[in-house]
Protein chains: 2
Amino acid sequence: MSGEKEIKVGLLGLGTVGTGVAKLIEGHQEDLIKQTGNRITIQKILVQDKDKKREISIDKQLVTDDPWEVLKDSEIDVIIEVMGNIHPTYEYLMFALEKGKHVVTANKDLMALHGAELLAMASEHHCDLYYEASVAGGIPIIRALVEGFASDRITKVVGIVNGTTNYILSKMSEEGLPFDEVLVKAQELGYAEADPTSDVEGYDAARKMAILSNLAFHMDVNVHDVEVKGITKVTEEDIRFGKQLGYEIKLLGIAKQNDNLLEVSIQPTMVNKHHPLAKVSGVYNAIYVYGEAVGETMFYGPGAGQLPTATAVVSDLVTVIKQMNLGVNGRGVVAPYRPKQLKSDDLITSRYFIRLRVLDQIGVLAKITQHMAEHMISLQEILQLPDTEEQKAQLILITHETSKAQLNKFLALMEKLEIIDQISSVYPVEEGEIA
Amino acid sequence: MSGEKEIKVGLLGLGTVGTGVAKLIEGHQEDLIKQTGNRITIQKILVQDKDKKREISIDKQLVTDDPWEVLKDSEIDVIIEVMGNIHPTYEYLMFALEKGKHVVTANKDLMALHGAELLAMASEHHCDLYYEASVAGGIPIIRALVEGFASDRITKVVGIVNGTTNYILSKMSEEGLPFDEVLVKAQELGYAEADPTSDVEGYDAARKMAILSNLAFHMDVNVHDVEVKGITKVTEEDIRFGKQLGYEIKLLGIAKQNDNLLEVSIQPTMVNKHHPLAKVSGVYNAIYVYGEAVGETMFYGPGAGQLPTATAVVSDLVTVIKQMNLGVNGRGVVAPYRPKQLKSDDLITSRYFIRLRVLDQIGVLAKITQHMAEHMISLQEILQLPDTEEQKAQLILITHETSKAQLNKFLALMEKLEIIDQISSVYPVEEGEIA
């Protein structure tokens, strides 16, 4: 093969994913030529440390620690951004787009926060900006939402979109270990970062849910619209009691639209053990998409990892190059066209799992259930268990569908009751439509 | 909304899917305008019986029983083909493409048999030809293969791609009923057609596997390359004995590529009960895609049905219209670029489930296992069970990975042995990479 027009790529970042991208471009070159008609060449690579020892051999000439050497290189057609962070990455990409370079990014933080501005800049300069790798690693979920379901109205997106927390929760559940201990293990194995905040507090997953919601519901959803609760407070007891009632705790992203009103959250959730999401373990991701017409669909695959993520990046690159060949870059984006209206708490409904520590007295149960009835909360299941402390008992309530507003009123009241020693935990419950 | 350029569609067929398409175009019109910038109008509809009572109200003026009224209508931009069959559908679509009309089709029979000619004609006339709906109904699997995994090398595609047989096998397994009885039920419920041959003999699934293999492996695979075995010979005993060993029988499509050598088959398969495919029930489809870089991914959703299938059709229509607006129709298709080389039987390997009826004599087991060893087939598991006939026994062998060639030699020998009363059944075994 020779004589193909060369496409020159500038790579911002040569960490795990960047290295994967370089491997794929090199290793799958002949296939990529068949797909696009072009040979792809990495023209320059921005790194932090030019002398760092690398997993792959890279021509020293290509490597620079000066971003402008990449961004201002007029021969570069496409910038692949895998350096992460918001700043100065945002400024770099805005610059690149303004100069007419197409961008492929794996940066969910950036897309969740500044996606709209970046896409507007891309559109203005007839540039492509693709970001399949930013959500759910190797799963082509963005393409599914944007193209596959273009004709449908999505009503719900539910999924596991963070592999680190899923790994931690899986381990906690399988081995009965506390959060802190599993976190340390996960860090040793490289499944969790040295500073795990973004993962374990749910921020990473929240950004992904913002991106998915934006595309699924055509609303300008950003990360601030997502209710976020991480997994740091999930206890061994919650997991154990959940299991007794047939649930596994998963960090679940839920985005629902009814009558153009939206709710988006990421929170630890009691998932029916028969629901396939309960069985997604380790670093895998799984996303259910419900459409008015299509019904229930599910997408499953590796949520992270060098080569899976690189697959998404380089597939985006293939799309960009095909569109370069047709001269139609930057024309395909449908900007959010529905006004964003978030549901108030009285419209957000769920079943809930409530764990209370109560005084072990006659009439406690009657009192609590009476209060629930007064707040229009009906019970699906109740379980009383001995507590480790004497004269206390564990009480687990699983409610029928109720509004968050009702739930909060009920919980506020419970706080004040003397017979309640502690509200130990509250989780939404996801039974799944296939149980 | 007004003033948008109108896109005129000709609909060939107004059966289940055609009606769904009409419903979606009507019901989601405002969304479709937002997606494409165009109003979509159904200009003419080809039907068999103009006076037939319809589920939806259709302007009588639009309906015709003369195909040429649709095909020769110069105002029609896009033909949506949901009439099925090979002839005269093939001729109609070739005519339409030659006249510069884009085509969206749900016709797997046609695409599996004549996809190459149709795509060549489309390409020659700068027309689009999309067929997402032809495989796995509402699951956007074709987009995933063509775009999502464009940068990867697919090694394996495994899945349940026929809802009718899956429904029948699920029912047989759940209720312990024989094939014939369940088939009648399925026909009554509309899950199986009056002439069920195409589904139950595996032909429908074989066509879908041909289409998927073509796209996954970039080889000119057609339906004749697929080894096909239907479910008509699956017995209650097979299901029962399978269960005892931890398997469910599913009609599985398997396409595997190693070193550019391909095998494609559709056959009833013993699937490990912990494999998610074993749990896909009813009319749902699920397809695993394995790539060198991406690893394991899975796509799940409704494999048929009016609105799910219509979603795929109308999403293709959206793509066609977007490309019309950019003037780039018919340019995106990557024709198969790898020479098709099918594996010989000594390269096709699997584990196998073999059920034999043997004479209940001392030394039978030793003799059979000795023959297996001579044929280099090693056993993973063996189960001896009483037979309904006296002095006979049921013997179930589960082999380790072995070649089809070895297996066939062994089976030919078993046929001749006097101690073997009958080779009752042979199934490949799929354990799954997540068990």
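A Cβ is built for glycine as well, from the same backbone N, Cα and C atoms used for every other residue.
As annotated by TrEMBL, NADP(+) binding site applies to B:LEU12, B:GLY13, B:LEU14, B:GLY15, B:THR16, B:VAL17, B:GLY18, B:THR19. Around the Cβ of B:VAL17 (NADP(+) binding site), a 10 Å sphere holds 27 further Cβ atoms from the protein chains shown.
As annotated by TrEMBL, NADPH binding site applies to B:LYS108. Within 10 Å of the C-beta atom of B:LYS108 (NADPH binding site) sit 26 other C-beta atoms, taking all shown protein chains into account.
In sequence order, B:THR164, B:GLN187, B:ASP199 constitute the residues six or more apart from B:GLU193 (L-homoserine binding site) in its chain with CB-CB distances below 8 Å. Among the features that TrEMBL reports, L-homoserine binding site is placed at B:GLU193.
For B:LYS208 (active site, proton donor), the same-chain residues that are 6 or more apart in sequence and have a Cβ closer than 8 Å to its Cβ are B:LYS108, B:ALA112, B:SER134, B:VAL135, B:ALA136, B:VAL161, B:ASN162, B:GLY253. Under the heading active site, proton donor, TrEMBL lists B:LYS208.
Counting residue by residue with DSSP, the domain 'ACT' (B:353-431) contains 24 helix, 36 strand, 19 coil. Taken from TrEMBL, the feature domain 'ACT' covers B:353-431.
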Which residues in the same chain, at least 6 apart in sequence, have a Cβ under 8 Å from the Cβ of B:LEU14 (NADP(+) binding site)?
B:ALA22, B:ILE45, B:LEU46, B:VAL47, B:ARG54, B:ILE58, B:VAL63, B:VAL82
Starting from the Cβ centroid of B:LEU12, B:GLY13, B:LEU14, B:GLY15, B:THR16, B:VAL17, B:GLY18, B:THR19, which together make up the recorded NADP(+) site, report each further residue of the same chain whose Cβ lies within 8 Å of that point, ordered by sequence.
B:LEU11, B:GLY20, B:VAL21, B:VAL82, B:MET83
Taking the binding-site residues one at a time (B:THR16, B:THR19), which has its Cβ surrounded by the most other Cβ atoms within 10 Å?
B:THR19
Using DSSP, would you call B:GLY15 (NADP(+) binding site) helix, strand or coil?
coil
